[in-house]
Each structure stands twice: as C-alpha cells, then as structure tokens.
Amino acid sequence: MNELQWPELIIFGALFLLVTVLGFAASRWRAGRTLEHLDEWGLGGRRFGSWITWFLIGGDLYTAYTFVAVPALLFGAGAMGFFAMPYTVIAYPLVFLPLLRLWSVSRSRGYVTPADFVRGRYGSRLLATLVALTGIVATMPYIALQLVGLESVLRTMGFNAGGFLGHLPLLIAFVILAIYTYQSGLRAPALIAFVKDVLIYVVILVAVLYLPAKLGGWDTIFSAAEEKFSSTESAKDGVLLSGNNQLQYATLALGSALALFLYPHAATGVLASRGRNVLKRNMSALPAYSVLLGLLALLGFAAIAAGTEALTNAATGEPDTNTIVPKLFDDMFPAWFAGIAFSAIGIGALVPAAIMSIAAANLWTRNVYKEFLHRDATPAQEARQAKLASLVVKFGAVAFILFIDPQFSIDLQLIGGVMILQTLPAVAIALYTRWFHVWGLVAGWLAGMTWGLLLLYGIPNPAAGKEHFGGSALPLAELNLFGWQPFPGSETQIYVGIVALVANLAVAAVVTVVARRFHVFNGIDSTEPGDYHVDEDDKDLRPVAAS
Amino acid sequence: MSARPGRKAPGLRFSPWNLLLIIPLWILITPLYNRMEPALFGMPFFYWFQFVGIAVGVACTALVYRMTRERPTAPARGELDVDDLDEGSGR
C-alpha cells in the first residue's frame, strides 16, 4: 500500500459523510403520499423542476468515468479523444423534439421505462423485452465503470493495495450507496447531485485557470503534446485528426449522441421532470456541463506538459491511465484542494451509479417481473421488487470489478454503446411513426446486434496486445457484405455502431415492406396521437402514483 | 405520419423554427476545423472552434424554446378556458 494521503482522506471522508446523510434524508425530501410506487421510488414523483432536473441529468450523463477517461484519452491519443465535444454539442438539438414526445406519452400513459413505451406502442411483448434486456445489459458495465472512476481516486489517495484489501474502500462506499438508494429511490441521487455538481464546477474552473498559468500557458501545453505525439510511431495519435480518423471522429460523435438518451438512466432522468418546459430549458442549460467536459479534457494535455505519470495499479500490476487526472491534481495542487477534487470525482461516481441501478431496476420490474413473473403485481409489489433489483444490480457491478479485470467492463461498455444504439428504431422512430412493422423492428434489432458484435469482435488492438474487442474504429476496407467489399484497401475508419445501425434500419425496412405486403398482424397501438403532446397543466392528466 | 390519423389531435405538430435544430450538426464536418491556425490563447483552432460549437447549439435550442412556447403544446383535450391557458404560459 502507498502512503496514505491524510489531508485528502479527511476531506474526502467528510464530504462522503455529508452526501450519505443527504442520501438518507432524501426519502423525506418532497415526499409524495407513499414511496411504495415506482412513480415515487423510481421517478421521484415525476415532479422535478428545471434546477433539480439540470443537476440530476447533468450528474447522470457527465459521470465520474467520463471525467476520468476523456482526459486520459487525450493524454494517450490526442485529438481523437476530443470527440466527446461534438458528441455533446449535437446531442441536445437532436433529442430536443423526440424527448418531449417521450415525456408526454409516458406521462399520459404512466410509462416508467422506454420499454414500457414500446410495449404500449406495438403491443408486442417480444419487442419490449428485447429493448428492456438491451437496456439492462448496456447499463450494467456502465455502473461498473463508475466504480473504476471511484477506485482510481481511492488508489491515488493511497488505498493502492493488491487483492481484496485494495477493493475494500470501494466496497464500503458502495454498500452505503446501495442502502440509501434502496431507501430513498431517485430522490437520493437528485439531492446528492447538487453537492457533486457544485464541487465539479469549482474544481474544474480552478484547475483550468490555475494549471495553464503554472505550466506556462496553453501554447506550452499544446507544444508539449505535439512533441509527445510526434515522437511515437503510431499514426493514430496527434494534436489534430489524421486523414483516416476524421470519419471515425464524426460518426463516433453522431452515434454516441443518438445513443445518449436511449440509455435507460438518461430516460429515467427525463421522465422524472415535471413538464415539457422543464425539458426544453434543460436542452439549453445542460451544455454548460459540456464546456466543463471540454476544459477537463484539455487537462489531459496539461498532464503531458506537467510530466504526470500514471499510477501503477497494484491489483493488475499495470499502469492505469485512468489515474492521470487524479495524479495531476495530486502533483500540482495542495493536498486540501486535491482532496476536494477527489471528492468531486468520487461523489460523481455515486450519482450516476445510483440512477443507473434505479433505471435497470425499473426495467427489470416493469418489463420482466411484471411481464413474465407476476402479471398482477400491485404498485407496492412493483416498488419492493425494484428496490431489491437495485441492490442486485449494484452488487453485480461490484462483482464485475472484484472478480473480473476492470478492462472487461471497459470493453463491455464499448459494446454496450453499439448495442443500445440498435434500439433507436423501436424507441425513437416509433415516437413519430408506426411505419416500421413490429417484425421489421425485431429483425432489424437482430441484424444490427449480430453484425455490430461480429465487427467489434474482429477489431484487434495490437498496442494493448488484444486480438478482439480492441476498439470501435473499423477500417472501411474490412467492411464485407457476404463477400462484397465496397471499399477495398481503404484505411479510413468508421464507428461500428453507425454501420450496425444502418444495417438495422435497412433490414427493418425490407422486412416491413414484406410484412405489409402479406398483411401480417402489426400489434395494437394503445397510444393516441394526443398522448404525445400532453403537458403538466392539462386538466384530465393521469395522477402520479395511481395504480 | 401517424399510423392512425383522424383522431382528435394531429400526431405531428410542426413549427418552422424546429429546423434550427439542424444547424449544430455542422460540427460533424471535421475538415472545416481540423487545423492549428488561427490559434486563440495558444489553443489550436480545432479545440477552441468546438467550444464555439457549444454556444451555437445552445443558441439554437434556446431560440426554438422561445419561439415555440407561446402556443399551448397541448390542444384542447376537453374544454380549456382562457384562465387555463394563462396558467400554462405563466410558468
């Protein structure tokens, strides 16, 4: 074990204690009639206003892992890592209109998950189950990654032991998180998000003003980065994009933006808001977090200029690039400030982990438990089931980290992004039209999923010594449609998720045309056009937490 | 576009202002900004230009919100009187 960093630990401990108290107190915050209903436990009563929603969704989307991994990506590969920027620039305008429709129809019909909507729109258990399972599988590794973020901070503070001892602080933090999420539901992360986000804003603004001044200005930082990348043999890194990875940059940004609100935890944050105007305001306000993310990303270059070296993870024996930003703070700032920064990242892991586990628990309860195991479950039974499921999900994520190489969850998260994108036709397009036939959507999902996974499996990463799942960048030359290669010899790279999505849409369209030609039954739509426009002030609105 | 037209409310409501939401997508055209010069505060064009992209995105979403919020998003499901409309736009 390294030497424990006491000042940092004390500050971290104090702030962790504060959010723990908040987490437990949250069950009484803006409490509704009962917590024994998914509308209350799983969606915070569906009445969060603009500010709470801003903190909640901001805390939900801009996770600890993002704050640790994106700068690490710039540190390692340069410009390519900055894709998070165009990604978050286009995400909000893209989802602005569809999200309003999703909110309205869910409010009107009492839907708790995106899969609930699919079930109502197509009346198909199969399609809804596919969407729900995709959501759960894509979310699980994401929760595990929050632990990676939290652990990178704990290791930098000195808890860098091998084996079980090294994971113990993480385990304790997570048990506490699990208990108050169980008790308070979505209100816990909503309240903690205030603390997390205020800390994050302070830390990053200070760092971004102070570090460049200390290191000799941005031009020194960028020249140091340029020097580093020109000294490596790889053609894939650099301060600018190369000719081959520009398409990858753009398609990865587009694919990630399209996937963002398909993730169940993002939908949970959206459905918990009070009304359409709350969401509209947030589409303009959430990009404030993107500015932070962009600035933080550049600290990856600052770490190059400062000569920061990644900590060696005592559990795996390899340098862990995710410790770059924590190490940078540790090296460059007084201990008390580093302590605040670490708390920001650590608490930043708790908020999304809580929301994600609630979202996965909602999916399990509504779309598996109620659908297959206990058809006539009462709202109270649903709530109890979801609370238990949130525990299972969290300990599943801890088990991921304890017993399996963390690299595995990073790979899985990469796969998860490609997978969740395949629910776009069934969820996002279905918000607008039922043109796609239910069997078309099932076939498209199957095609996109299979092909996407096959392509990911085939991508090696020689630098990391991996033969499979080495990344999401596919050289166009490798595209192979039953023996036909559209772009032989091309080195240009593209994001696998987009390729799979195109295949998904194409198959869905063909099967739709065929199914319509033979008049195959297309399920029953239990939504009405008016459902997609309801708002908070409507008179005959469905009451929250009604059975 | 709805599969079942003719219900009491139209399935799709369109405002020309919504087209503004397409503008931020230009940030996907990387050749536009993949270069070093002109730098700003020592930051290559590639980086600071994308920060400007955030501002453009915010301007577009904010404008669409301003321009489309006046009309009630939910049309009469039942009878709405003037007071109800006032309450809705007062938030």
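Placement of Cβ uses the backbone N, Cα and C atoms for every residue, glycine included.
Sequence annotations record features per position, and here TrEMBL assigns transmembrane segment to A:6-27 (among others).
TrEMBL lists A:48-68 (among others) with the feature transmembrane segment.
Look at TrEMBL and you will find A:74-100 (among others) tagged as transmembrane segment. Long-range Cβ contacts of the transmembrane segment (A:74-100) within its own chain (Cβ-Cβ under 8 Å, at least 6 residues beyond either end) map to 66, 225, 229, 236-241, 245, 248-250, 252-254, 256-258, 260-261, 270, 276, 279-280, 283-284, 286-287, 289-290, 293-294, 297-298, 300-301, 303-304, 308, 321, 324, 428, 431-432.
The feature transmembrane segment is assigned by TrEMBL to A:126-144 (among others).
Only residues 6 or more beyond the boundaries of the transmembrane segment (A:164-182), in the same chain, are considered here, and those with a CB under 8 A from a CB of the stretch are 1, 16, 20, 23-24, 26, 147, 150-151, 154-155, 188-189, 314-315, 346, 350, 353-354, 357-358, 387, 390-391, 394-395, 397-398, 401-402. Marked as transmembrane segment by TrEMBL: A:164-182 (among others).
Annotated transmembrane segment per TrEMBL: A:194-213 (among others), in sequence order.
Per TrEMBL, transmembrane segment is recorded for A:284-306 (among others). Cβ atoms under 8 Å from those of the transmembrane segment (A:284-306) belong to residues 50, 54, 57-58, 61-62, 66-67, 70-76, 81-82, 84-85, 88-89, 92, 200-201, 204-205, 207-208, 211-212, 215-216, 218, 220-222, 224-225, 228, 324-325, 327-328, 331-332 of the same chain, restricted to positions at least 6 beyond its ends.
Annotated transmembrane segment per TrEMBL: A:335-365 (among others), in sequence order. Within the chain carrying the transmembrane segment (A:335-365), a Cβ under 8 angstroms from the stretch's Cβ atoms is held by residues 5-12, 15-16, 19, 38, 41-42, 56, 59-65, 67-68, 112-113, 115, 132, 135-136, 139-140, 142-143, 146-147, 149-150, 152-154, 156-157, 173-174, 177-178, 181, 185-186, 188-189, 192-193, 195-196, 199-200, 202-203, 206-207, 263-265, 267-269, 325-326, 329, 382, 385-387, 389-390, 393-394, 397, all 6 or more beyond its ends.
Counting same-chain residues at least six beyond the ends of the transmembrane segment (A:386-404), those with a Cβ under 8 angstroms from any Cβ of the stretch are 38, 41-42, 139-141, 143-144, 146-148, 151, 164, 167, 170-171, 174, 177-178, 181-182, 185, 353, 356-358, 360-362, 364-365, 369. Positions annotated as transmembrane segment by TrEMBL: A:386-404 (among others).
Residues or ranges marked as transmembrane segment in TrEMBL: A:410-431 (among others). Packing against the transmembrane segment (A:410-431) from elsewhere in the chain are residues 98, 101-102, 105, 114, 117-118, 121-122, 127, 130-131, 134-135, 137-142, 144-145, 148, 255-256, 258-259, 262-263, 441, 444-445, 448-449, 452-453, 456, 469, 471-472, 496-498, 500-501, 504-505, 508, 532: each is 6 or more residues past its ends and has a CB under 8 Å from a CB in it.
TrEMBL lists A:438-459 (among others) with the feature transmembrane segment.
Residues or ranges marked as transmembrane segment by TrEMBL: A:494-515 (among others). Same-chain residues lying 6+ beyond the ends of the transmembrane segment (A:494-515) with a Cβ under 8 Å from its Cβ atoms: 247-248, 251-252, 254-256, 258-259, 417-418, 421-422, 424-425, 435-437, 439-441, 443-449, 451-452, 455-456, 459, 472-474, 476, 479, 522.
For the transmembrane segment (A:438-459), the partner stretch with the highest count of Cβ pairs under 8 angstroms, out of A:6-27, A:48-68, A:126-144, A:194-213, is A:126-144. Taking Cβ pairs closer than 8 Å, the transmembrane segment (A:6-27) reaches residues 35, 153, 157-158, 173, 176-177, 180-181, 183-185, 187-188, 190-192, 195-196, 199, 330, 335-336, 338-340, 342-343, 346-347, 350 in its own chain, all 6 or more past its ends. Residues 63, 65, 113-116, 118-119, 263-265, 352-353, 356-357, 359-360, 363-364, 366-368, 371, 393-394, 396-397, 400-401, 406, 409-410, 412-413, 415-417, 419-420, 422-423, 426-427, 438, 441-442, 445, 449 of the same chain, all 6+ positions outside the transmembrane segment (A:126-144), place their C-beta atoms under 8 angstroms from a C-beta of that stretch.
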